[in-house]
Amino acid sequence: MSRITSMLVTHKKASISEIENAWHGDVEALLKWVSSHDTVEECAVLKTCNRVEIYVVSPRGEKVLFEIAKKARVSSRIIDIHDHDESLLHLLRLASGLESMIIGEDQILGQMKELYRTAKSLGYTGWVLDTAFKKAIQVGKRVRKETAINERSVSVGSAAVDLAEQILGGLEGKSVLVIGAGETGELISKALVSKNIGSLYVTNRTFGTALSLAASLGGTAVPYEEMKRKIREADVVISATSAPHYILLKDDIERAMEGRKNKLLIIDIANPRDVDEAVREIEGVELHNIDSLKQISDENMRLRMREIERVEAIIEEELELLRAKYKRREAEELLARIYSEAEKIKEQEVRRAMNKLSAYHTLGEIEQKVLMDMSHSIVNKIFAEPTKALKSAAERGNTEMLRYAMELFRLNQEESD
């Protein structure tokens, strides 16, 4: 059984700009590129604002991933390469929210489901990755049901609202413009409404989407072409679009600040970023991006240490079950190869016996069936105890016994041929 190898570029080692630059195309293009490598049997990609993670099932997984990093010009300084067991642990921790910038956030679980569904629907995953991702998603759900890991502001969107509240000393009566009405924009808008703000404005490229979200929350939808004018009236702008380029330049914000006395807070949580960094130079404007949210992450970490211990206990329990499943599969594949070889020998010897008997008299159907049944029974009985022993060895993690079995039946020679 080929195993999982993964390459991670995340907020732990990389800045937001380095994560942005790790891969410029969409997920489908990245999947196609990764799968084009000869030895890649399965692959999946997780790409969010805080991470680009590539999972491959390949006998040469590490080599393939280093080649991909080299071609994409990703510095080895910001890369983590995980082997099979490390990848399984990481996936379970990721789905549980322990690897997120905001510990325990719910958004990552939805993103994992969606990105896994994309890879599976396009035919890039098989049993090995399906098993890992299904278990990770199941564990993510269990953790949120049995612990309080996600009971505070845990999504990036919620953290952006908390940051705004912290900077301004409260959001009561404030006018807030949310740019982007997708999943993150919706999370932001809902979090804002709970803060008793004065006015909520929502804008989106597709006006109908903005209209629907604003109407559901008692806010006002703003046509996208009027967005820059509406900034003049806002105390806070939170941007979370999926645009591949800046949507707000320095000139745009300078015009919005003309004749304005009160300050403007802009929080850009998009990846790639929505707001030009040069906006920081404008007097009266305070710009924050995802990097600023690390403050919120640190605070949540302190408050959730007790829950993290409970989550890790669940992960440890589920990881053992997952590892056992892979070990059983490994033993089953080995046994299938042994039985396949035995079947070939059985058929050869039965044919030889039939040919010898046919020299003396014509064999009837019943006689042929008796010979076939007998040979089948002999094979099964000979391998009954070795089968149990190999399955037991696999579940105990006794890889040496599996290796000896491969050598004994000369199966390792087939792999090297």
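Including glycine, each Cβ sits where the backbone N, Cα and C put it.
What Swiss-Prot says about this protein:
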| type | residues | note |
| --- | --- | --- |
| ACT_SITE | Cys49 | active site, nucleophile |
| BINDING | Thr48, Cys49, Asn50, Arg51, Ser100, Glu105, Asp106, Gln107, Gln111 | substrate binding site |
| BINDING | Gly180, Ala181, Gly182, Glu183, Thr184, Gly185 | NADP(+) binding site |
| SITE | His90 | site 'Important for activity' |
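What Swiss-Prot annotates, mapped onto the structure for a quick look.
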residue	record	contacts (Cβ under 8 Å, 6+ apart)
Cys49	active site, nucleophile	Ile16, Ile19, Val156, Ile269, Ala270, Asn271, Ile290
Asn50	substrate binding site	Thr10, His11, Ile19, Ser100, Met101, Val156, Asn271, Ile290
His90	site 'Important for activity'	Ser6, Leu8, His82, Glu99
Gln111	substrate binding site	Leu46, Thr48
Ala181	NADP(+) binding site	Ser189, Val202, Thr203, Asn204, Thr206, Thr209, Ala210, Ser212, Leu213
Gly182	NADP(+) binding site	Asn204, Thr209, Ala240, Thr241, Ser242
Glu183	NADP(+) binding site	Gln107, Gly110
Gly185	NADP(+) binding site	Gly157, Val178, Ile179, Val202, Asn204, Leu213, Ala240, Thr241
Distance from Asp106 (substrate binding site) back to Thr184 (NADP(+) binding site), taken between C-alpha atoms, in Å: 11
All-chain count of other Cβ atoms within 10 Å of Ser100 (substrate binding site): 25
CB contacts for Gly180 (NADP(+) binding site) [other CB atoms within 10 A, all chains]: 28
Residue among the binding-site residues Thr48, Thr184 whose Cβ has the most other Cβ atoms within 10 Å: Thr184
All-chain count of other Cβ atoms within 10 Å of Asp106 (substrate binding site): 18
DSSP-derived class (H/G/I helix, E/B strand, else coil) of Gln111 (substrate binding site): helix
Asp106 (substrate binding site) and Gly180 (NADP(+) binding site), Cα-Cα, nearest whole angstrom: 19
Non-site residues, in chain order, whose CB comes within 8 A of the mean position of the CB atoms of Gly180, Ala181, Gly182, Glu183, Thr184, Gly185 at NADP(+): Val178, Glu186, Leu187, Ile188, Asn204, Ala240, Thr241
Among Thr48, Cys49, Asn50, Arg51, Ser100, Glu105, Asp106, Gln107, Gln111, the record's substrate binders - longest CA distance, Å: 15
Reduced DSSP assignment, Gly182 (NADP(+) binding site): coil
